[in-house]
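Peer 1: The structure that follows is given in the form of C-alpha cells.
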Amino acid sequence: MVSLTLKNTFLTLIILAGVVLPQIVVGQNCGCATGYCCSQAGYCGQDAAYCGTGCQSGPCTGSNGVSVSDIVTQAFFDGIINQAPAGCVGTSFYTRSAFLNALSSFSAFGTIGTTDDSKREIAAFFAHATHETGYFCNIDETSPSSNYCNATYTQYPCAPNKSYYGRGPLQLSWNYNYGPAGDFIGFDGLANPETVATDSLVSFKAALWFWMQNVHSVMTTGQGFGATIRSINGAVECDGKRPDLVTARVNLYTNYCSQFGVAPGDNLSC
Ligand SMILES: *[C@@H]1O[C@H](CO)[C@@H](O)[C@H](O)[C@H]1NC(C)=O
Ligand SMILES: *[C@@H]1O[C@H](CO)[C@@H](O)[C@H](O)[C@H]1NC(C)=O
C-alpha cells in the first residue's frame with residue numbers, strides 16, 4: 001500500500017457525507033459508546049449511515065454471525081507463515097492470536113453479507129497481507145525509497161526524523177495513515193510509527209484499520225478482488241503497469257478461496 005491513492009477515500013467521503021469534507025474525518029477516533037456504530041468516515045451513530053456499508057466497529061448491520069476465527073484456523077495461518085524463508089523477523093512476530101485479538105476493534109471485518117462473502121473478504125485480506133509481507137516474513141518495508149511524509153496533510157504533521165514507510169501486514173505507509181490509524185487504535189502514530197513494527201497487536205490493528213477504511217467496502221459491495229488491488233496499490237500495479245504483481249495477488253486470493261471452499265467471484269484483476 002505504498003502508493004495509496006487518496007481519490008477513493010475522497011470519493012467515499014463525498015458519497016457518505018454528501019459534501020466534500022476535509023480529510024480529517026478519516027482520522028476521527030471513534031471510541032463510540034456501547035450500542036453505537038463507528039461509520040466508515042469515523043463517526044459514531046446508530047442508523048444505516050453509520051452501521052451500514054463501511055461500518056468499522058460496533059453493532060454493524062449485516063453482521064452475519066460468522067466467527068472469523070473458525071475460518072482463519074491455526075492450520076490456515078501456519079500454511080501461510082510456514083512458507084516464509086528461515087530466519088525471517090516476521091515469523092516470531094505475526095501470530096494468529098494477535099490477528100484474532102486485533103479483530104475486537106473491527107467487528108465488521110468478515111461479518112458482512114453471506115458466509116461466502118465473509119470467506120472472500122478474509123481470503124482477500126490474507127492474500128494482500130501475504131503479498132505485502134512475503135508470507136509474513138517482513139515487518140518493515142525492505143528498502144524504503146523515502147520517509148513517506150506528505151506535508152500537505154497538516155493535520156498529521158510528520159515528527160522530526162520519523163519515517164512512515166511500510167510496516168505490518170499491509171505495510172501501512174504515509175503520515176496521513178499513521179496519524180489517523182494511531183488515533184483510532186490508541187497510540188501516537190506520528191511520534192511512534194515504529195509501534196506498528198514492534199507490537200504485533202497494534203500491527204494487525206493498523207492493517208485492519210487500513211482495510212476497513214479503504215478496502216472493506218470494496219469487498220462488501222461486490223466489486224471483486226481486482227478492485228481491492230486498486231485500493232491498495234492500484235497506481236503502481238493496475239492498468240497494465242505490473243501484471244506480474246497483480247497475478248501474484250490473484251493467485252494467492254484464489255488459493256485461499258479454494259482453501260475456504262468458496263468461489264472467488266468475478267473481476268479478479270485490475
Ligand atoms: C501529497 O498529497 C497531495 C494531496 O493528495 C498530492 O497532490 C501530492 O502529490 C502528494 N505529494 C506526495 C509527495 O506524495
Ligand atoms: C534528527 O537527525 C539529525 C541527524 O542524525 C540529528 O542531528 C537531529 O538531532 C535529529 N533530530 C531529532 C529531533 O531527533
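Even glycines carry a Cβ here, placed using N, Cα and C.
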Peer 1: Among C137, C158, find the residue that TrEMBL gives as the disulfide bond partner of C149.
Peer 2: C158
Peer 1: Taking C238 as one end of a disulfide recorded in TrEMBL, give the other end from among C137, C270.
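Peer 2: Checking TrEMBL: disulfide partner of C238 resolves to C270.
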Peer 1: What residue among C32, C60, C88, C137 is stated in TrEMBL to be the disulfide partner of C44?
Peer 2: C32
Peer 1: Check for me: which candidate out of C30, C37 does TrEMBL give as the disulfide partner of C51?
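Peer 2: It is C37, per the disulfide annotation in TrEMBL.
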Peer 1: Let me make sure I read this right: TrEMBL says C88 forms a disulphide bond with another cysteine. Which one, out of C55, C60, C137?
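Peer 2: Looking through C55, C60, C137, the record in TrEMBL gives C137 as the partner of C88.
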Peer 1: When you tally the Cβ atoms that lie within 10 Å of each candidate's Cβ, which of the disulfide-bonded residues (C32, C37) has the highest tally?
Peer 2: C37
Peer 1: Using a Cβ-Cβ cut-off of under 8 Å, list the residues of the same chain that are 6+ residues beyond the ends of the domain 'Chitin-binding type-1' (27-62) and lie near it.
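Peer 2: Answer is 12-13, 16-17, 21, 105-108, 111-113, 155-156, 179-180, 183-184, 209, 212-213, 216-217, 220-221.
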Peer 1: For the domain 'Chitin-binding type-1' (27-62), what's the mean pLDDT in this predicted model?
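Peer 2: Its mean pLDDT is 78.
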Peer 1: Test of understanding: give the count of other CB atoms lying within 10 angstroms of the CB of C149 (disulfide bond).
Peer 2: 20
Peer 1: Using DSSP, would you call C51 (disulfide bond) helix, strand or coil?
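Peer 2: Note: C51 (disulfide bond) is helical by DSSP.
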Peer 1: Helix, strand or coil: which one is E132 (active site, proton donor) in, per DSSP?
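Peer 2: It is helical.
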